[in-house]
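As given in TrEMBL:
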- 21-42: transmembrane segment (TRANSMEM)
- 62-83: transmembrane segment (TRANSMEM)
- 90-110: transmembrane segment (TRANSMEM)
- 122-141: transmembrane segment (TRANSMEM)
- 148-169: transmembrane segment (TRANSMEM)
- 198-218: transmembrane segment (TRANSMEM)
- 275-307: region 'Disordered' (REGION)
- 288-307: compositional bias 'Basic and acidic residues' (COMPBIAS)
- 311-331: transmembrane segment (TRANSMEM)
- 351-370: transmembrane segment (TRANSMEM)
- 382-402: transmembrane segment (TRANSMEM)
- 408-431: transmembrane segment (TRANSMEM)
- 443-463: transmembrane segment (TRANSMEM)
- 469-491: transmembrane segment (TRANSMEM)
Amino acid sequence: MVSVVQRSIMRLPEKYRLLPVMFGAVLIHISLGTYHTFGNMLPYMASYLRNRTDPHSTLEEMIWVPTMQGCFPFAMVIGGVLSHFVGPRLACALGCYLMSCGVYFSSFTIQHSVSSFFFTYGFMYGLGQGIAYVVAVATVINWAPDRVGLVSGIVAAGFGVSSSIFAPIQTHLVNPTNFATGEDGYFKEAELLDRVPGVFRTLGMTYMIMQGIGLIFITDPKDTPPSPSLSSLYNCFFSSSTRRPSSFSSVRYSSLRTHDDDVIALTSKVRHRSVSRDSSIEDEQDEERGRSDSESSNDGEEKKSMNPREVLSSSTFYFLFCALFCCSFYANTFYNLYKTFAETFIADDIFLAWAFSLGSIANAAARIGWGQLTDKTSFQTALSLACCLASFLLLTMPMTPMGGKTFFLVWLILLFTCMAATHALFITATVRCFGAKYKATNYGLCVLSTTFSGIALSLLAQYELHALGYNWLFLITSVFPFIAFGISTTIQITPQGHRIAS
């Protein structure tokens, strides 16, 4: 099947070959991007578990689900290795169906126990999502290596806009009559609770169909170079210098016969060639000098890029790591708890679903805007603007009940716009600080901070949210983007000695 699809795509005019692959990758990413609808599903899942499965289950402990889905960075590495050994389609299919099966099986595990539900909707979902995410993006890039930013941005937009499509669908499937939560934040209506397991089966089957169609077009072009092996990954981390091939690596040696006739013939040939050798020696020296100059130029480019081992020894990496930790902490807090907070003063579940949909659209569009602002100004300028605005919005979030639905909707859209900067800016900062050669691995190391921020948020929500309340939670969270602003302004000079804004 791979060869048939590949041949069919290669028969298209060159400028159209990317389109079917892009279509497949975007369709897959739309299904994967439902990760961001956790906040919309949270009241339904928590209410079902508390009323039907485990009366001791709480809404706060459900925050561990997106934290388990945060195995994303580790799954990316697994996806890259699988793609090398079994090909992009099979690797992507494994990730897609692991994720969609996790959703489908959650319809049964949510009726069984909290821990089994965490495994299917948390771990299986996150592992599959990470594997499929990186393979789909890498495949598209292989078809357009000279337009990496554009094509990866389009695929990422599919991931970002996904929640604007599926959040209203989820609410329509579970709560079409627009029931409101009780004072404790849980739904009690039996007919609503009866629909919760079925929504996972419907969504799981929908994802499988979307992914099955998208996988048809996941194939590499004919001349794609092989992916780096595990030994290459080891050398990337632990080799301190690049090994150069020997100048004599292509010379072959053989035994020389010493019979008289052969010696005479060999001597004759040497004498015959001596004149031509002397006449061409200058050309060879010029060619050698040209190669030396080219190697020196390449060495200069190599020195601009730091391998992961060098990055981990750089203080700049830890500044970026901490800044991303702070940005992801405030973003995950609002992503996951916006709805449960809003339900304390807005008794309109359908409105909240559409509000989240509008916020997701703003988030997807803002990713492009923040990237363009960074190109025209600097990483610090864009991140400072986003962080300062986010800090103000979180600080004033407890005032939104005074303004009702409209006030909350405006704050939600503005905050979703700020959160888009996290996805758009840190990959740029990683490249500008550490170079482009190892950008994927270096950025993957940086993204590990999002896992730690997820764990911190889960612990805070489970043990302190009930005592703190949402108002104090948002006031505390408002400090994090301000800390990220302070950290980003201190990063002026890269480890290579040039300004990060350059």
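Residue 1 is the first one shown; counting continues down the chain.
Glycine is treated like the rest: Cβ placed from N, Cα and C.
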Cβ under 8 Å to the transmembrane segment (408-431), counting only same-chain residues 6 or more beyond its ends: which ones?
156, 160, 320, 323-324, 327-328, 330-331, 334-335, 338, 342, 346, 355-356, 358-360, 362-364, 366-371, 374, 379, 382-383, 386-387, 389-390, 393-394, 396-397, 400-401, 439, 442-443, 446-447, 481, 491, 500
At a C-beta cut-off of under 8 Å, are there same-chain residues at least 6 beyond the transmembrane segment (122-141) that contact it? List them, or none.
18, 21-22, 24-25, 28-29, 32, 35, 64-76, 78-80, 82-83, 88, 91-92, 94-103, 105, 148, 151-152, 155-156, 159, 211, 214, 218-220
Sequence-remote contacts (6 or more beyond its ends) of the transmembrane segment (62-83), Cβ cut-off under 8 Å?
35, 38, 42, 45-46, 49, 90-92, 94-95, 117-118, 121-123, 125-135, 138, 227, 230, 332, 335-337, 444, 447-448, 450-451, 454-455, 457-458, 461-462
Taking 90-110, 311-331, 469-491 as candidates, which has the most Cβ pairs under 8 Å with the transmembrane segment (21-42)?
90-110
What residues elsewhere in the chain lie close to the transmembrane segment (351-370), defined as a C-beta under 8 angstroms and at least 6 residues from its ends?
36-37, 39-40, 153, 156-157, 160-165, 167-168, 170-172, 338-339, 342-343, 382, 386, 405, 408-409, 412-413, 415-421, 423-425
